[in-house]
């Protein structure tokens, strides 16, 4: 497991501004600009009227900033046949994300708990298979799963996409919780057993309350992962539940006639908003999530 | 510790979802995909066994050959660029710079955004009439051309640019954790020996960071095989079929071109490729005893 970044010991501090350090700061400044450029361009483009976009410079600040494009993107941009804006997709993504995050974490933590503290026969085979499967591209599973869901009568629906996110979130979630529970002192578990606590009691009363940091990490990982999903939502959610990423792609890439770049960029920013808020709001937790998820890699 | 019957039953019920997923998805779905690739299924699945005919068709298919060609170009460039840029960024941050947290956030934020968002932003930036090319020309570089996205022979490089932008921060985070794990004594020793800093990085630190490099490389590589959203959002495989990728080939043949046999043959080929890459890695990790 990759440890989260720790602060450097004071011994290596050297703060004098030598030419080498000027070079270092120049490198950091230029690379930071490269990483920020797309975000900046998105924001300024979304605030310009089309005439200004056509005549002006991509990088120029808007002469007369307006939020018209944002309003249009949210309420009336066309996604294929309907023109109700990206708010439909936003609500769909929320409806998909909330139950998927909760259920995938419940199932994953329970599986991880059973695999770490309870010696179940064949448990290692199950876990090993999961770790290998985490690498396999979705394309291998998608068609049979479509058939299975249509056979069971669920077809493409909200429930289907929630189950799908739970299935594909299972390896990472299991790994996260399994490793965490395995790192807890085993005496804790033994004492609870001696006191006569059963399997689910120990899980609900002792293990999950102790796993709060892992739950935070799992929520961050799953929230951004499920919100950003495109392919699973496209295939399994059904026409009425298409997530925001799919709607966004429809708005931008299936427009007839002249494209409204300002509306496109406003819709793109709106789609990126939730992950960005989670990212900047969670700080080091996000990095911790990457580190924990990276164990599989 | 002996388990009571009750606990044993509980443990098994808790594992039921995972067992079901293993049977239906990992074994069932994979097996069915492989089997379908050996039949001549078109719009609906059938069981007419045709041996490896679909694979012959697949490797005679221009679109597939282009897809494979593209994914190799993308994979090699994306992984090597993201690794080297990510490592350089981590080294830069590791020099006790000011505002470290802010800089790190800036490098990493693209990773929180989806491939669809990434693809659409870069599609706009690389737009030849109004994007970066236009900016360069308006600055007086009249002859500047940067129209890669509309040229078949260069479109795939645009996906690389966007992918590297999105993923370098991830590599930076992994590498920085690795660099912070380097023993302070090593730095002291090299200072005593008077070694220049770049020599220390090249000859001592990089060889020590094998695990970080492997983790990052494997993480990036799995993203390569899955590459789909970026191609759909940024170029939709175009111009023509110039930026098609294998995952998109499978999806298109499953849901638009109604050729299940060919699509599953492509999916199976992807599966075999991934296993060929992942198996040695798992072997290496198990031998190193890192898999807990």
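Just so you know, the numbers here start at 1 and follow the chain as drawn.
Placement of Cβ uses the backbone N, Cα and C atoms for every residue, glycine included.
Looking up the ranges A:50-72, A:73-95, A:96-118 in TrEMBL, the one annotated as transmembrane segment turns out to be A:96-118. Between the listed ranges A:158-181, A:182-205, TrEMBL ties the annotation transmembrane segment to A:158-181. When Cβ-Cβ distances below 8 Å are used as the criterion, the transmembrane segment (A:265-287) is approached by residues 4-5, 41-43, 45-46, 69-70, 72-74, 77, 86, 89-90, 93, 216-217, 220, 223-224, 227-228, 244-245, 248, 251-252 of the same chain, each at least six residues removed from its ends. The stretch with the most CB contacts under 8 Å to the transmembrane segment (A:158-181), chosen from A:22-43, A:96-118, A:125-146, is A:96-118.
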